[in-house]
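Feature annotation from TrEMBL assigns transmembrane segment to B:12-36, B:43-63, B:69-91, B:155-175, B:204-227, B:239-267, B:279-296.
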Amino acid sequence: MTAPILEAAGVTMVFGGLTALKDVSFTLRDGEIIGLIGPNGAGKTTLFNCLTGLYAPSRGAVALRGTRLACDPARVTAAGVARTFQNIRLFPGMTATENVLVGRHVRMTQGPLSSLLHGPRFRRSEAEAAERAEKLLAFVGLTRFADELARNLPYGDQRRLEIARALATEPSVLLLDEPTAGMNAQETQSTRQLILAIRDLGVSVVVIEHDTKFIFTLCDRVLVLVQGELLVAGTPDEVRGDPRVVEAYLGAPPEEIEAQIHRSEV
Amino acid sequence: MLPTLLSQVANGLVLGSLIGLIALGYTMVYGIIQLINFAHGEIFMVGAYGGLAALTYLLPAAIANQWYLALPIALVAGAVIAALVAVAAERFAYRPLRDAPRLAPLITALGVSVALQEAVRVFYPDATAALPFPSIFIEGTLEIPVPGGTVPIKYAGILLALVSLALAAGLQVFVDRSRTGRAMRATAQDRDIARLMGIDPDRVIVLTFLIGGALAGVGGVLYGGYLNNINIDMGFQNGIFAFTAAVLGGIGSIRGAVVGGLAIGLVKSLGGQYLPGGTAYDYVWIFVVLIVVLVFRPQGFFGETERVRA
């Protein structure tokens with residue numbers, strides 16, 4: 001096994017009296033695709049927010065390649081963790097290319113003065129950024145929409161554009177929050193190919209999905225989060241057969257519920 | 001007939017490009033933080049007084065009548081002072097209230113407006129009266145011959161219009177093409193995601209106030225040089241016009257601010273000339289136009305129908 005790249009240790013998140021995450025620990029290894037599943041409200045997106053510095057965990061820590069990540073989204077992105085959002089968060093009034101270029105912002109150093117002066121260094125870095133943006137759009141298959149405003153893109157393509165923007169930050173870890181939500185079977189299939197291609201670029205991926213079939217056939221390992229706790233972690237086969245997972249998703253088996261009713265009557 | 005009409009068109013375009021220049025500050029700040037910075041008119045006024053102070057105290061009297069020396073000194077001084085005041089207002093008055101309900105920064109802007117007027121009064125105690133403003137460009141008037149007479153335009157007016165339009169065009173290119181302009185648009189559209197992408201929203205906001213302030217300062221100095229007098233109410237009057245221009249053009253839009261400014265300049269000068277009531281009613285026509293446009297196009301000329309915000 002290769003070295004862990006992202007490591008969450010005892011991440012706990014308390015909002016007021018509600019414990020959204022309880023002592024969640026896991027490691028993501030280099031080149032791995034991990035699936036994160038669980039019922040609604042299990043804390044999946046909260047975990048992503050903790051991993052990307054949007055939330056400061058109440059307890060616990062997140063480390064990238066052994067270095068603890070700050071609770072500052074910009075610094076987390078700069079360190080190499082990028083993400084997409086369950087509810088798409090593109091810059092709606094900017095073109096697809098511009099959206100990707102903004103993703104590149106974190107890797108560029110020229111300030112406003114240099115862009116006013118249009119020095120050679122500025123022009124070189126702009127040209128390089130434009131070239132990279134073009135390549136990234138081609139990679140996710142959006143070349144034809146390069147100059148289209150993000151808000152005019154079809155829904156599935158908006159999700160792809162968000163992935164392209166995340167990749168523009170040159171991440172070593174990519175967190176995808178429901179990348180196939182609202183997609184048809186064909187789009188879902190091409191998203192799977194895209195995620196595999198991203199992994200082949202050397203980016204490790206964590207995917208949140210409700211579509212368990214998608215997760216079980218795509219991921220190397222699967223984490224099951226239930227009521228803020230990591231219930232099971234293992235290979236798709238191990239997780240699929242685990243009775244606790246079935247229980248979490250479908251509720252307790254009928255005979256057990258009956259037994260509980262009996263107990264409470266006594 | 002024709003000379004009068006064309007003279008009023010010329011006056012309208014000069015005044016309109018100035019209003020457009022001031023309107024850029026309203027529209028940019030609103031675009032980024034959804035604040036109507038009612039103190040922006042006073043920033044314009046402070047720029048004019050800053051330019052005047054530089055001409056009075058920095059420029060040796062012996063060379064004061066050389067416009068090619070006086071003009072850059074006055075412009076730089078006016079722009080720098082106005083930009084600093086705008087940035088200070090953001091830092092100390094608006095930033096602490098950024099997450100407060102909308103009304104709080106709005107009222108604060110009115111307070112900043114009064115504070116700036118009184119601050120200028122400290123240096124110029126009888127500032128309500130018109131103060132003479134020296135000429136900072138080629139003196140005199142260009143007489144353009146037209147059938148039936150001539151159309152006079154002050155050289156200082158030509159300068160005012162050309163500089164204003166050039167600055168607005170430059171700003172549009174900067175915002176559309178540069179990396180920093182991209183960061184500004186990204187911040188305007190989704191501040192949290194912009195931050196995630198490594199953009200520092202505070203820096204973008206400061207830069208917005210800085211640019212808007214500097215443009216207003218340049219406008220103030222050119223306006224002083226055009227009319228050859230300034231007073232403390234110039235900020236309020238022109239600020240109202242500029243705010244109206246920004247709304248008319250579609251608030252948040254640079255192009256809209258300029259077109260709105262030119263429209264208001266023309267309505268003011270032509271309405272004052274030809275509509276009943278004369279110049280006494282020119283304000284009325286401006287707001288009639290505003291109301292009519294907003295009834296049919298609430299988002300203004302270039303505004304977006306809906307702001308998509310997360």
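Cβ from N, Cα, C; glycine included.
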Which listed range (B:69-91, B:204-227, B:239-267) shows the maximal number of Cβ pairs under 8 Å with respect to the transmembrane segment (B:12-36)? B:239-267
Would the transmembrane segment (B:155-175) count as touching the transmembrane segment (B:204-227), i.e. at least 3 C-beta pairs under 8 angstroms with sequence separation of 6+? yes
Give me the stretch from B:43-63, B:69-91, B:239-267 with the greatest number of Cβ pairs under 8 Å to the transmembrane segment (B:155-175). B:239-267
